[in-house]
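Q: Take a look at this one; I'll ask things after.
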Amino acid sequence: MGKVAVATTVVCSVAVCAAAALIVRRRMKSAGKWARVIEILKAFEEDCATPIAKLRQVADAMTVEMHAGLASEGGSKLKMLISYVDNLPSGDETGFFYALDLGGTNFRVMRVLLGGKHDRVVKREFKEESIPPHLMTGKSHELFDFIVDVLAKFVATEGEDFHLPPGRQRELGFTFSFPVKQLSLSSGTLINWTKGFSIDDTVDKDVVGELVKAMERVGLDMLVAALVNDTIGTLAGGRYTNPDVVVAVILGTGTNAAYVERAHAIPKWHGLLPKSGEMVINMEWGNFRSSHLPLTEYDHSLDVDSLNPGEQILEKIISGMYLGEILRRVLLKMAEEAAFFGDIVPPKLKIPFIIRTPNMSAMHSDTSPDLKVVGSKLKDILEVQTSSLKMRKVVISLCNIIASRGARLSAAGIYGILKKIGRDATKDGEAQKSVIAMDGGLFEHYTQFSESMKSSLKELLGDEVSESVEVILSNDGSGVGAALLAASHSQYLELEDDSETS
């Protein structure tokens, strides 16, 4: 009996030791995997680093590319497009004007009543309409007929407040946020469609001409006074309310910048210098690239997998379209190489663009003790049923790295523009007031991003100069801005000037 007891005891001891060894091995394996997670995190943080010296290099490279793009067509990755807008709104504009804003799957028609310096925008009315999917890939005349049908019905609802003097033609500003080769203030040919549109017979056609032909088909008498993109609309809207606005930046799904340049500083401009001495330049800065940009393996793979490899490099690391996708790619590597979400990689994590930037922003903004929002988003988006607090903290760290890099590079770009136009220092000992008008959901709604961008710009400018540089949110520039540009370039301005002087 004693031998049986001893044997049983020995067997139990062996079993306990084996179980303990298994637990130890699992813990060691788990610790090894977690060490790999931290290793991936630290490497990513180092690759994304944006010390102030690097930001200055990026800003200097931006300035060099701006000079090159202004010198000749195709001389730079920055297109530096001449907009033909040489007269931004001053606030003195009066009358009522229309705007048409086409930049995606929705479009808007708008009318604004302007009351001059004191009354400003007296009244505005608008209608928004979705474009049926079949029109996004159909024929050019079908799309423009649909748009003009909505516009004509909107015109028919003018109330008594919107009174057109006898003999005057309605005037419209057309915001068209697709790549265009501008031919004049009110004409430009489509280079290519983006954002899900694919209408072959519009490419290389004057988009204003297509719009006017559609108007003529329904008997709508309206002059297209200005063709602009959303960034120039934002600049116009900002200048209308603040005469010190010199730069506009869109930070939304995509990104772009426009600014006021001295006309004599544009070597590729061969026309007569405008009376104002100024010209608005549409930079198309999303296409900026430089060896100084801190690019990672995830950025390179995202670029290779994109529809336009090698293009829009800056946009792919700072805009709302891509920030969430960068996060997904880092999490996927952690899941595959370090079992971050357990032994099985969540199938949803393999779907490109499943993590949208608004979701990333919501997680980044989570201040609850247990990071409840992060856990909820991981469950809702990736179907990760459980996540530990330390996992959630890693996700927060990744959000912070990605957003901080994007925000600081945006600030470097703005600083580069200010350097180009001599607004990065005091002039004759005096500070020049410079205002940057911002628009776009990324800047407006992702607080950590916008705050980081503003503080980084201040860091680059220094305390003294930053006192005279202001960053403001200029909502709805793409709508109101186009109407304001129609007003500031109205065909009736010279008649009004003549009547005032006579």
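Cβ coordinates come from backbone N, Cα and C, glycine included.
Here's the feature list from Swiss-Prot:
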BINDING   Gly104, Thr105, Asn106, Thr253, Gly441  ADP binding site
BINDING   Thr194, Lys195, Asn229, Asp230, Asn256, Glu284, Glu315  D-glucose binding site
DOMAIN    35-487  domain 'Hexokinase'
REGION    90-228  region 'Hexokinase small subdomain'
REGION    229-476  region 'Hexokinase large subdomain'
TRANSMEM  4-24  transmembrane segment
Q: Give the sequence-ordered set of same-chain residues, not counting Thr194, Lys195, Asn229, Asp230, Asn256, Glu284, Glu315, with Cβ within 8 Å of the centre of the Cβ atoms defining the D-glucose site.
A: Gly103, Ser177, Phe178, Pro179, Thr231, Ile250, Gly254, Thr255, Gly286
Q: If I restrict to non-local contacts, at least six residues apart, and a C-beta distance under 8 angstroms, what lies near Glu284 (D-glucose binding site) in its own chain?
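A: Spatial neighbours, sequence-distant, of Glu284 (D-glucose binding site): Leu78, Lys79, Met80, Leu81, Pro179, Asn256.
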Q: Sorry to bug you, but what's the C-alpha spacing from Thr253 (ADP binding site) to Glu315 (D-glucose binding site), rounded to the closest Å?
A: 9
Q: What's the CA to CA span in angstrom from Thr194 (D-glucose binding site) over to Asn106 (ADP binding site)?
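A: Taking the Cα atoms only, Thr194 (D-glucose binding site) lies 14 Å from Asn106 (ADP binding site).
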Q: Counting other Cβ atoms within 10 Å of each residue's Cβ, which of the binding-site residues Thr253, Asn256 comes out lowest?
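A: Each of the binding-site residues Thr253, Asn256 was scored; lowest Cβ tally within 10 Å is Thr253.
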Q: Pick the one among the binding-site residues Thr105, Thr194, Asn229 whose Cβ has the fewest other Cβ atoms within 10 Å in this structure.
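A: Lowest Cβ count within 10 Å among the binding-site residues (Thr105, Thr194, Asn229) is Thr105.
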Q: Where the record says Thr194, Lys195, Asn229, Asp230, Asn256, Glu284, Glu315 bind D-glucose, what is the longest distance in Å from one Cα to another among those residues?
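A: The widest Cα-Cα gap among those binding residues is 17 Å.
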Q: Neighbourhood of the ADP site (Gly104, Thr105, Asn106, Thr253, Gly441): other residues with Cβ within 8 Å of the Cβ centroid, in order?
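A: Checked against the 8 Å cutoff, the neighbours are Gly103, Lys195.
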Q: Please report the Cα separation of Gly441 (ADP binding site) and Asp230 (D-glucose binding site) in Å, rounded to an integer.
A: 13
Q: Let me know the largest Cα to Cα distance in Å among the ADP-binding residues Gly104, Thr105, Asn106, Thr253, Gly441, as an integer.
A: 16
Q: Determine, using Cα-Cα distances only, which of these binding-site residues is closest to Gly104 (ADP binding site): Lys195, Asn229, Asp230.
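A: Comparing Cα positions, the candidate nearest Gly104 (ADP binding site) turns out to be Lys195.
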